[in-house]
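These come from TrEMBL:
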type     : residues : note
TRANSMEM : 104-122  : transmembrane segment
TRANSMEM : 128-148  : transmembrane segment
TRANSMEM : 179-203  : transmembrane segment
TRANSMEM : 223-241  : transmembrane segment
TRANSMEM : 253-271  : transmembrane segment
TRANSMEM : 291-313  : transmembrane segment
TRANSMEM : 333-355  : transmembrane segment
TRANSMEM : 375-398  : transmembrane segment
TRANSMEM : 410-427  : transmembrane segment
TRANSMEM : 439-463  : transmembrane segment
TRANSMEM : 483-509  : transmembrane segment
TRANSMEM : 529-549  : transmembrane segment
Amino acid sequence: MASKCIVSHLHLYPHLSLHSAIPHQHPNFSRLPPTNLSLPVKFKASFPKRCIIFVPRASSSSSGQSSVGKKFYEFDPHPTLTNDDLKPTRPSQRNYHWKQMARHWVGLVVGVPAYYMAGSLVELGMAWWQGIATVVAANMILLVPLVLTGHPGTKYGISFPVLARSSFGIRGAHVPTSLSALVCCGWYGIESWIGGEAIYLFLPNSIKQSSFSQPLPWLGTSPLEFACFIAFWLVQLVAVLKGMEGVKAFQKYAAPTLIMLTSFLLIWAYVKAAGLGHLLNMSSRLSSSEFWSLFFPSLTANISFWTTIALNIPDFTRFAKTQRDQIIGQAGLPIFMGLFTFVGLAVTSSTQVIFGHVISNPIHLLGQIGGLTTMILAILGISLATMATNIAANVVAPANALVNLYPSKLTYRTGALLSALFCVAFQPWRLLKSSESFVYTWLVGYSALLGPIGGIVLADYYLIRQTKLSLKDLYSLSPEGAYYYCGGFNLAALAALVIGILPVIPGFLQKVGIVSSVSDAFVVIYNNAWFFSFFSAGLLYWILASLSFERETK
């Protein structure tokens, strides 16, 4: 039984339907929309019933508009798989046009981590144009999975935890959503720490020079900085608990304000440094071989920068009016990142002229500028940028993931609160202690977890299902459901996930110092962790699914 379960649970192809073969056994069959289903000449039905489920081709519109209307409400979803936060969005809830999607990305891009990323590339030795080219190239690459993953969100009105059920199984979806949620919680902590640094900047020098500002070895930071972190964490909760409507309202005002504050910072650097000639004259400190050894992990890190939201983008595109809106609205990401990277590099390079040394952290820079007005603007600007990014990118995903675990007991508000609590455990002050730990340990490291998830989800949705999903079965625990697989788990997807991650582990262990050395092959794999895990897991999953289908139709 176990061997049969492993080999043949992957009947993912939409060409077959057990439901179409035996319609009288399908619950609520009379209420299902008509589908164009056909059986092949050869059909085998002597398999373990709980592990062999053929997938029906869900009827859907071919246009850019959502195919979800009243159909979801014509059947009864299982109560343990849905609540108000996990239901498909109704047409009346589709109020995101392309301008709002673009504002969403502006609010995400204009923030301290993106600025810090830009400065880190120059700090590590790149020329200004090399840094910008690396960032733009990474975001152009990332735009492809962003738009592709956003498609089912707009078409079916479903969030990422629900979409993951189609590829990983009704219960197996908890694995990818939990991994993504953990990374989001880590980012939540990083952003909250940045907000706490803005509060610390505003404190009087007498308090900063007290014994409370001395670092504690066991904590890794000072009690005063930790208290500022908690203070910002608490203030942020007010906005976090307002839900998606709060996110939309917040981004409406955050984006233009952030653009204005960023422009002021660029003008200040231009005036104080007497132009941008110092930036344009900044050359690379790297040899050709050193540049390429830095370029690929930096490219991976920049892709990893947005991989959490690239996975969870259906959480937002489910509110888009049409596919056109979600595509055009996201198409500006490389442009936004390129422009903001230029600002970050221009201001960072200006600090060498103005202060005599490079200051890549904008919070430290604002502290050096001084002045009451500057500090007030700094706190407001950094807090706004941090909250705009944090609420949209790092709260919605883990909150939805937790709701997906216990829909009958948890809501978005409780999920958001639990996510906020988890973020403290990541000790973000350690992740931000240096450019190398931020870029090569944190960003590159977690890309090995999220890369294979994205590859599997896209391979399943486009190559296996050809964008056709059965909305009813996404909310069903019936063993005859299309996504029940083997006890609710798609073992092929889980196997592809593990195999996609394993080769990256040696390089990660070497990077964090657990092992002293590994072979050059593992170093190369780690430096390209997202690319390797994304394509290897997606390809393996596609092969397993294809072999399983061919085996059972002979």
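In case you wondered, yes, glycine gets a Cβ from its N, Cα and C as well.
Just so you know, TrEMBL annotations never went through curation; they're auto-generated.
The transmembrane segment (179-203) shares more Cβ pairs under 8 Å with 375-398 than with any other stretch in the list 104-122, 291-313, 375-398, 410-427, 529-549. By the Cβ criterion (under 8 Å, sequence separation of 6 or more), the transmembrane segment (333-355) is in contact with the transmembrane segment (104-122), since 3+ such pairs are found. If one looks beyond the transmembrane segment (439-463) by at least 6 residues along the same chain, the residues whose Cβ comes under 8 Å of a Cβ in the stretch are 12, 117, 120, 124, 145, 148-149, 151-152, 163-164, 166-168, 176, 179-180, 183, 186, 297-298, 300-305, 307-308, 310-311, 431, 469, 493, 496-497, 500-501, 504-505, 508, 511-512, 526-527, 529-539, 541-542, 545. The list of residues near the transmembrane segment (375-398) in space but at least 6 beyond its ends in sequence, with Cβ under 8 angstroms from a Cβ of it, reads 104, 107-108, 110-113, 160, 180-182, 184-185, 187-188, 191-192, 194-195, 197-199, 201-202, 232, 235-236, 239-240, 244, 246-247, 250-251, 254-255, 257-258, 261, 264, 308-309, 311-312, 315-316, 362-363, 366-367, 415-416, 418-420, 422-423. Taking residue pairs at least 6 apart in sequence, the transmembrane segment (223-241) and the transmembrane segment (410-427) share three or more C-beta contacts under 8 angstroms.
Note on the transmembrane segment (223-241): residues 192-193, 195-200, 203, 207-208, 210, 212-213, 216, 250, 383, 386-387, 390-391, 395, 413, 416-417, 420, 423-424, 428-429 of its chain, located 6 or more positions outside it, place their CB under 8 angstroms from a CB of the stretch.
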